[in-house]
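In what follows, a structure is listed as structure tokens, so that the remarks can point back to it.
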């Protein structure tokens, strides 16, 4: 009997251990769909509205730059501080994301992020002295950093993540389409001052607050924090400094830093580039920014269905090469219409980059690391919206705004090299997580 007891005891222990390590990911993926449970439908729509507001926020800088220059009598370098100042907010979000998720959950993000947007937009409506305006964008950056991390991590863990994230970032792009259109029309057609645009943004952010709070009121904590492994396995220190995970986290973070910088620098400076280098009229030049963001939006939605068929790694390599080719056309062909078409198509092929990074991170990293890793990468990458457009402004001050395109082409090549440094993607049937 004693001999028989041993195998029985071992047989009972092994299934128990296997269930503890294997079943949670399966249960998680079965439970989390955009339409199941039904409350996820409202939550998904709320995150899409939040990204629409984020897109409107980030795309507004470009059309407003010429008018901020004249209103405050600023140089390129000084006016570029409106790009640089959100870095403080993004940095703070990158450091606090995990703690805010642990303490306040998604409900906390649902009131903190829109609240920061509302504060920034109220200050902007008062058209304060320029240093105060710069500080207000720190609040907007913090709100964007929180939303970016929370909603990317949440949707990135769902079934059909490529499509859902494509739509999520498509709404960001839609905000980017609307923002230059509204801002340019208010200034050039209605003859209003630049700050009237932010009255509209206050209304959008107020809706964001109401929408997110009503959707995520039942989410005081995240599934990851409720998992007992979170403290020991899912902390920020683990994903940044543990060799197994750090390679993926840092490559994704620096890739997003470069990518978001390309996106916002191109969308932000293209109006000035088209007015001064391609000799376009004010309204037509403003519409090229709309064309860029429209291309970005359509690319995220359409290519979001193509990317999973080709595979994320191969797809982004192909899209990168096409975007670089279009960047060369924008740089080297001195024609307004050719440039307008090229920048729109460039936006189309840049569109799927962010969603693909999130999907790759969820495939390579274990579930307990998702909030920390994706949250950090998204917030760190969001800093690219601040730093790199500022760098373009500083270079434009020294060499002229024609530096935009060689800068964008070079940066595109750099992030392509980072992408190639990611580990091999797991095939179907293989383990889909990096092990410790």
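Cβ coordinates come from backbone N, Cα and C, glycine included.
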Which one of these stretches, 163-183, 226-246, shows up in TrEMBL as transmembrane segment?
163-183
Apart from its near flanks, which chain residues at least 6 from the ends of the transmembrane segment (195-217) lie with a Cβ under 8 angstroms of it?
39, 42-43, 45-47, 49-50, 52-53, 56-57, 60, 64, 105-107, 109-111, 113-115, 117-118, 121-122, 124-127, 182-183, 186-187
Could you tell me whether the transmembrane segment (74-96) and the transmembrane segment (373-397) have 3+ CB pairs under 8 A, leaving out pairs under 6 positions apart?
yes
Remote residues contacting the transmembrane segment (163-183) - C-beta distance under 8 A, at least 6 residues beyond either end:
34, 44, 47-49, 51-60, 62-64, 151-152, 155-156, 194, 197, 200, 267, 271, 286-287, 289-290, 292-294, 296-301, 303-305, 307-308, 347, 351-352, 354-355, 358-359
